[in-house]
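A.B. asks: What follows is a structure written as structure tokens; I'll ask about it next.
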């Protein structure tokens with residue numbers, strides 16, 4: 001610390017603390033002061049945020065040289081405590097003012113965001129909650145000797161003033177203070193106005209009777225014609241002639257005195273008085289119920305700032321800005337004293353209270369939001385009040401008099417009726433203009449509040465005009481509101497009828513709608529969002545740039561509207577309900593299977609190219625159909641291609657058979673001879689489809705409406721002196737070819753040879769009888785069988801057999817079943833022997849190749865070697881299998897699967913024999929260490 005700061009610190013002098021002894025001897029002890037000492041001060045002192053306020057501010061210690069220059073009236077909790085102990089205060093309002101001074105000093109000297117300000121706000125919140133529970137009437141207490149405290153009733157004008165001006169809300173005073181929820185005021189009993197006394201000429205002492213709440217005694221309001229019974233001391237006002245002022249009349253005495261005073265009145269005054277009082281009482285009962293509802297605990301969260309009158313001393317500019325203050329307590333007093341003539345006077349005071357809040361506070365203030373909520377509650381309840389019977393009766397009387405006058409002559413009747421209609425139209429137009437003008441002015445006042453200290457004259461003028469017009473506008477507003485409610489109900493009924501007529505959308509339709517929406521271009525999606533937001537109220541306020549839609553939550557009418565729009569955008573025809581939806585739903589799955597097959601075949605061909613001498617190159621061309629896209633071709637492609645992909649995994653080699661066997665027979669039954677289709681497919685022996693050389697013009701296939709065509713088989717055979725190796729393991733089964741021949745599909749087949757020699761011939765087979773298809777398949781199987789004996793391929797047999805098949809396709813084959821079965825068994829046995837020899841040779845070659853690779857690449861990771869050995873094991877096991885034929889009488893399918901699994905396990909054990917499982921070793925070590933611990 002520098003010398004200057006030390007000198008400044010030493011030069012700060014604290015002023016003497018505030019005095020706590022009343023030298024004028026005007027101090028008293030009342031029930032409210034006792035409550036402030038024992039309840040309010042005790043609660044504040046025990047609060048964990050009260051420590052900065054318990055002692056006077058030490059400016060020298062805190063190095064605050066300007067504190068006492070800014071704060072002219074310092075105050076703290078210890079000073080208030082001493083003043084309460086020494087009976088410094090003459091009334092509770094002075095003590096409350098000291099508490100407010102302490103909080104105000106904190107807000108003046110410190111910044112709004114400081115910690116001390118937050119602590120002060122919390123203390124003030126507790127203070128206001130305790131003040132709300134303080135007794136309403138201030139009663140002086142006196143101490144007599146050592147016997148204790150005796151209370152005697154002594155109500156003065158000052159005590160009554162304290163009851164009226166007691167502060168409840170600090171939210172209206174400081175805008176940064178958080179909103180506390182304050183307990184409600186006790187419910188008061190309504191005071192009955194003594195209107196009889198107005199008309200009578202008797203003295204005030206003869207009829208000064210009214211209802212008084214038990215335990216609560218009020219001072220009479222001099223501005224009110226009603227007279228209240230006041231309990232005073234011996235020094236009370238001499239105008240009352242009662243000998244015992246503290247005596248309260250019983251209920252029978254009250255009614256008896258009221259009856260005697262009423263008997264003296266004339267009959268005409270009786271009649272007029274009772275009619276008016278009954279009619280006004282019925283209307284004001286509803287207003288009183290509205291007031292009780294607004295002051296109930298239900299609305300206390302946002303109604304508490306309007307309970308009591310704002311103290312002008314706490315807000316210096318409040319009296320300048322608000323010329324006509326109003327609050328719920330004042331409205332209640334006026335209601336109890338019978339100052340409201342009708343419902344419109346009551347409504348104008350309530351609306352004035354809200355207008356004052358809008359004028360003084362900024363629009364973003366929390367008090368303004370509370371006022372709006374409270375006004376919504378009031379307007380909703382006030383609109384339910386039935387019409388004034390006096391007004392309706394006067395209108396009926398006017399109508400009767402006008403009709404009586406108009407009935408004097410026919411000519412005058414016609415003119416008066418036309419005049420009355422014109423007057424009604426003019427009056428209605430005038431009312432509408434006035435209503436529009438008042439609404440605009442009220443809107444302008446609520447949106448742009450007045451912050452200046454001086455209230456403009458225009459605002460006062462608007463308020464006066466508003467009070468003048470409100471009686472005329474009210475019936476019109478009710479009519480407009482009823483019409484609006486009727487239109488809303490009618491519209492709601494119309495929408496509900498529309499919802500009932502719409503057919504519910506199934507799950508498949510919703511899924512197809514989602515797929516179609518995803519196909520739409522970007523510029524069409526904006527319309528989709530607009531349709532959903534316009535028809536769904538819950539999504540109306542959502543962000544149109546990013547919206548998440550759940551079809552299960554949308555209305556059926558919205559879904560159908562979206563379906564129509566999507567069909568128009570995609571130019572689709574509405575589909576008839578049929579079983580074809582299942583095929584279309586597999587369209588995406590088939591494309592995914594196709595891509596996965598391409599990837600797998602590339603990987604397998606790359607891995608096996610180094611281990612096999614004979615090489616076969618296959619290419620998978622894009623699937624095309626001349627007449628347009630065909631789902632049948634795609635599904636057939638996926639089913640036949642799945643044979644090759646699934647055969648790579650020995651455990652799932654039969655899944656493709658089941659998938660291919662589910663080909664729809666009901667579609668095949670509807671074949672026609674008018675159109676032909678070429679279906680490119682993944683085929684037998686690992687060869688791939690190629691585009692057919694000859695193209696036949698044809699129409700697109702419409703599933704469900706058009707039939708399938710006759711298919712053709714276009715085969716290209718290359719005589720190969722070397723062994724034809726399958727590109728994928730397990731592709732030697734004839735399941736795919738059997739199904740293709742069975743269903744008559746077009747099969748372009750390519751078998752390439754390194755020598756480059758190729759022979760092309762095409763054969764267009766018609767759909768045959770199943771017996772003809774089986775015999776043709778047996779012949780083709782023998783023709784397509786690979787041979788390894790010589791360097792030359794004997795193709796003469798294939799040519800002869802194929803020429804015979806061409807010649808016999810249109811002729812019924814009448815061969816005996818025995819000769820066919822013998823021929824078939826001989827062909828299968830021969831093929832099995834050849835494959836066994838092939839498997840042995842390939843196994844020896846692969847074993848030698850694997851040994852060479854292990855010697856050349858010792859650094860190869862062991863896991864990759866294991867995977868290669870497993871792949872080779874699967875290849876050899878599947879190559880050595882016989883064809884899956886239901887007619888075969890040899891080894892059954894279960895035995896083959898068991899042998900395959902044994903061979904896989906043996907190969908896996910051989911591959912894992914030279915490896916060490918480090919994970920197992922680490923687990924063993926971890927278990928050992930755990931047991932040691």
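In case you wondered, yes, glycine gets a Cβ from its N, Cα and C as well.
Here Swiss-Prot flags 28-134 as domain 'Bromo 1', drawing on sequence analysis. For 110, 115, the entry in Swiss-Prot reads site 'Histone H4K5ac binding', with the evidence type similarity to another entry. Swiss-Prot lists 214-225 with the feature motif 'Nuclear localization signal'. Under the heading domain 'Bromo 2', Swiss-Prot lists 278-385. Under the heading compositional bias 'Low complexity', Swiss-Prot lists 404-418, 630-660. If you look up Swiss-Prot, you'll see 423-448, 829-917 marked as coiled coil. Taken from Swiss-Prot, the feature domain 'NET' applies to 495-577, supported by sequence analysis. Under the heading compositional bias 'Basic and acidic residues', Swiss-Prot lists 584-603.
I'd like these features described in context: how deep, what's nearby, how far apart.
C.D. replies: With DSSP classes pooled into helix, strand and coil, the tally for the domain 'Bromo 1' (28-134) is 72 helix, 2 strand, 33 coil.
Around residue 110 (site 'Histone H4K5ac binding'), the C-beta neighbours below 8 angstroms that are at least 6 residues distant in the chain are 116, 117.
Other C-beta atoms found within 10 angstroms of the C-beta of residue 115 (site 'Histone H4K5ac binding') number 10, with every protein chain shown included.
Along the domain 'Bromo 2' (278-385), the predicted structure has mean pLDDT 84.
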A.B. asks: Within the compositional bias 'Basic and acidic residues' (584-603), how many residues are helix, strand or coil going by DSSP?
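C.D. replies: Per DSSP, the residues of the compositional bias 'Basic and acidic residues' (584-603) fall into 19 helix, 0 strand, 1 coil.
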